[in-house]
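This report refers to the structure that appears directly beneath it.
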Amino acid sequence: MGLPQCLTFHTLKMAAVPCSFIFRPLSKTSKLLLPRCNLHSYSQELPLLIRAFSSSAVRAVPTTTASDSGLKTQWKAAIDFKWIRDNKDAVAANIKNRKSTANLDLVLELYDKMLALQKEVEQLREERNAVANKMKGKLEPSERQMLIEEGKSLKERLASLEEDLARLTDELQQEAQCIPNMSHPDVPIGEEDSSVVRKMVGSQCEFGFLVKDHLELGKELDLFDFDAAAEVSGSKFYYLKNEAVLLEMALINWTLSEVTKRGFTPLTTPEIVRSSVVEKCGFQPRAENTQVYSIVGADQCLIGTAEIPLGGLHMDSILSESSLPLKYVAHSHCFRTEAGAAGASTRGLYRVHQFSKVEMFVLCRPEDSDAYLDELIGIEEELFASLGFHFKTLDMASTDLGAPAFRKFDVEAWMPGLGRYGEISSASNCTDYQSRRLGIRFRPSSGSLSPTTNQKKGKNTPTQFVHTLNATACAVPRMIICLLENYQQEDGSVIIPDPLRPFMGGLDRIRYKY
């Protein structure tokens, strides 16, 4: 499950860090960028989009301002401001549909100011160079002194303008990075209840006895201890005990085994990352409801999903086309503040501060990302169906998309004890939204280039940004909820599904301890 759109850093004292999101449209090889439109209007806009997608962009590298300017060092994302300005109506509609707080008018205003200031700086540089060239010739002392004074004045003015330009560039970057990714044209517009069911698997279990929820089952079978964890760590923490520990390990090992068979490279990841990496992955670190724990006195935080360190794995690198796709499956612990999450619907293991998760992550060519999104969804559905879950796959509505997501599918499984469907997984295609922040590009092989590609002799093949995708293979606490509540028996025991038994030493049932 990806992190929410409004993502902020949180310490034990709720420390915050600056906002950072960027927008970048899809590559020219995709047909999925525009918001809802008819085919005629789409065909009319396609040449414009191809030009926008083909335009070169600055590599995502840090920019440093003068030490006395009062500005902090700000990483720089590859944002195509011209594309945003030329397509402001589509961008504005997308911001509205997602209920984003991004300020497009301010971004465009700052961009125009930056262009004007850049022009003024360039003119002063030309004047400075002209003065320098004049001083190379034979001059009268008085004339040379006049040029020296003029050069000094130009240098001072230029230094001041360059400082203003650096400050304005940083402000523009920070505002523009709040603009969310564009949305797939088929994304339903509206709130979460506007999401469309893509697939329904199985049916609700029928019980001939009074159904218990996972909290009651866990207490009777001695599987959890929330009370002791609350004393030790606070609310929404828990101890797993006895067979629940074996069940967690079984779920992780079974998931890794199954996904690795499908060509994914297994990893464990760091669980503390730099705050800038979280920003570059497209999560918003400034909001009232915080979701990320940051470390006081350090520019680091605890991860809320393995998507973040997986995204940073190839940061600031150029990959060969032959190495793509890169497909990873990672186990990690995840930490979320879950601020504002309370009530019966989120009780027990459903929403906690710390949990184990297995995450899939793909880096691929732009033209392949739609196919890999389908592959990731297919893997999720196969895993959950093999455990006998009843679930539905949803094409999520616009307001439920995280800022990086171009399109997102959630899987919601039936939880009979809670009496509702609960999210157990999500899969997102983030296109090149994250890679433009993280600086992850690839160099196409000569055979994959169009015959019309203009390449100068001796020049390297132009690079492109990869597309990134992520999907949850196993969020352990919610999987445990589904297993306990769906496989409970009238005698109070819980059956272990066949696929997990080899990973639990052959144990087929959880029984009362007495």
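Using N, Cα and C of the backbone, Cβ positions are placed for all residues, glycine too.
According to TrEMBL, the protein has these features:
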COILED    107-178  coiled coil
DOMAIN    213-497  domain 'Aminoacyl-transfer RNA synthetases class-II family profile'
BINDING   Arg336, Thr337, Glu338, Val352, His353, Gln354, Phe355, Glu423, Ile424, Ser425, Ser426  ATP binding site
REGION    442-462  region 'Disordered'
SITE      Thr472  site 'Important for serine binding'
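Summarising the environment of Glu338 (ATP binding site), the number of other Cβ atoms within 10 Å of its Cβ, over all protein chains shown, is 18. Model confidence over the coiled coil (107-178) is summarised by a mean pLDDT of 88. Arg336 (ATP binding site) counts 25 other C-beta atoms within 10 Å of its own C-beta, drawing on all protein chains shown. Site extent for ATP: the farthest pair of Cα atoms among Arg336, Thr337, Glu338, Val352, His353, Gln354, Phe355, Glu423, Ile424, Ser425, Ser426 sits 19 Å apart. Cα of His353 (ATP binding site) to Cα of Thr472 (site 'Important for serine binding'): a span of 17 Å. Annotated pair Ile424 (ATP binding site) and Thr472 (site 'Important for serine binding'), C-alpha to C-alpha distance, rounded: 8 Å. Counting only the Cα atoms, the space from Phe355 (ATP binding site) to Thr472 (site 'Important for serine binding') is about 13 angstrom. Using a 10 Å Cα-Cα cut-off from Thr472 (site 'Important for serine binding'), the binding-site residues that qualify among Arg336, Glu338, Ser426 are Ser426. Its Cβ placed at the centre, Phe355 (ATP binding site) has 20 other Cβ atoms within 10 Å.
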